[in-house]
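I am attaching a structure below and will ask some questions about it afterwards.
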Ligand SMILES: *Cc1c(COP(=O)(O)O)cnc(C)c1O
């Protein structure tokens, strides 16, 4: 094995903060530490920096700056959007429509609301992980107040028909929220053209800092506050602004948007090289997610007879950081809700490997993975009783 090389292929989990972003943030911890709510010079400078970041974020979404509210991340933005709409509109109805493959920040928030008397429809998806807009329409009742469908899935990378669902929601007068944490900075988003009312995003998924995100709230949307306290964020999200991180997320979004088109093309080539190489070299492997309607950096493949967790350990030993769809929650070996929703049987749902590429990944790294993975899979299969059974059945 070669030295101590490190190949990071888990960009859907988090990304490194870009050096230019760190550099832009640093002065806001020290020289420019003012509280944006105060009145003197260093405070006004801090306020100006927050305003500038807000403008950058608005530009990236084709939104207005006053429609951007900074939060502590994607999870808070999802919680705010869903609970805020539910509580502010409960006189109108108590029904929410979402999908079975949402991030837990959406699913667990909806489950909490069910305990509070709301009704939630969890729409199924097709074998590629796509939500059918016709199914959304069919699920709407006169009590529906919110539709929340993610822009792109974090496990299998499938991109949802957001503009179609947005058009439908607008026509019916129902609020439409999308968790765009995986999509922003990687695929074009226009909240106006796509008729999105609320959109969640997070800094650390596009080479910005952790602990900072934003909720886009279209002007005129009726939503309750989530954080109560001071008058920050135009009296809608209390708490002293995370100044340095806000500066950082502004630089990060500007940076990733500027290179998005080119970088997407580059990543699609690498992604498809990964897919073709794996499916060519390794038998009994299956692509998860949509063949083309997927995030540029996402590849997810299931391997029969073995467990994704074991593959990860061997990959880690070879210096490769990747992920699995069956990330077991606190030791329990429950397969991922996404893998089950696309109809994978339990065995395959456990055998999935997610490789998510980002800006520092190269063709050489992809080829390095393609060099080591077949041996790992073969080794694990020789230890697998399921594979032994299969071989025996073939010989009969
Ligand atoms: C990462 C992620 C989140 C959570 O964002 P945080 O900033 O880590 O709280 C929510 N939704 C999706 C789709 C994600 O990938």
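Cβ atoms here come from the backbone N, Cα and C positions, even for glycine.
According to TrEMBL, the active site, cysteine persulfide intermediate annotation covers 328. The pyridoxal 5'-phosphate binding site annotation in TrEMBL covers 74, 75, 154, 182, 202, 203, 204, 240. According to TrEMBL, the [2Fe-2S] cluster binding site annotation covers 328. The domain 'Aminotransferase class V' annotation in TrEMBL covers 7-369.
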Suppose we screen the binding-site residues 74, 75, 154, 182, 203 by Cβ distance to ligand 1 with a cut-off under 6 Å; which survive, in sequence order?
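Cβ under 6 Å from ligand 1: 74, 75, 154, 182.
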Should residue 74 (pyridoxal 5'-phosphate binding site) be counted as helix, strand, or coil on the basis of DSSP?
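In three-state terms, residue 74 (pyridoxal 5'-phosphate binding site) counts as helix.
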State the mean pLDDT for the domain 'Aminotransferase class V' (7-369).
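Here the predicted model's pLDDT, averaged over the domain 'Aminotransferase class V' (7-369), is 96.
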Under a criterion of Cβ-Cβ distance under 8 Å and sequence separation of at least 6, what residues of the same chain contact residue 75 (pyridoxal 5'-phosphate binding site)?
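Set apart from residue 75 (pyridoxal 5'-phosphate binding site) by at least 6 residues yet with Cβ under 8 Å, we have 105, 202, 213.
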When neighbour density is defined as the number of other C-beta atoms within 10 angstroms of a residue's C-beta, which of the binding-site residues 154, 182, 202, 240 has the lowest density?
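If we count Cβ atoms within 10 Å for the binding-site residues 154, 182, 202, 240, the smallest count is at 240.
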Report, as a single number, how many Cβ atoms besides its own are within 10 Å of the Cβ of residue 204 (pyridoxal 5'-phosphate binding site).
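So the Cβ neighbour count for residue 204 (pyridoxal 5'-phosphate binding site) comes to 23.
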State the count of C-beta atoms found within 10 angstroms of the C-beta of residue 74 (pyridoxal 5'-phosphate binding site), not counting that atom itself.
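Around residue 74 (pyridoxal 5'-phosphate binding site), other Cβ atoms within 10 Å: 27.
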Same-chain residues six or more away whose CB lies under 8 A from the CB of residue 203 (pyridoxal 5'-phosphate binding site)?
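For residue 203 (pyridoxal 5'-phosphate binding site), the qualifying residues are 73, 209, 210, 211, 212, 213, 245, 248, 249, 252.
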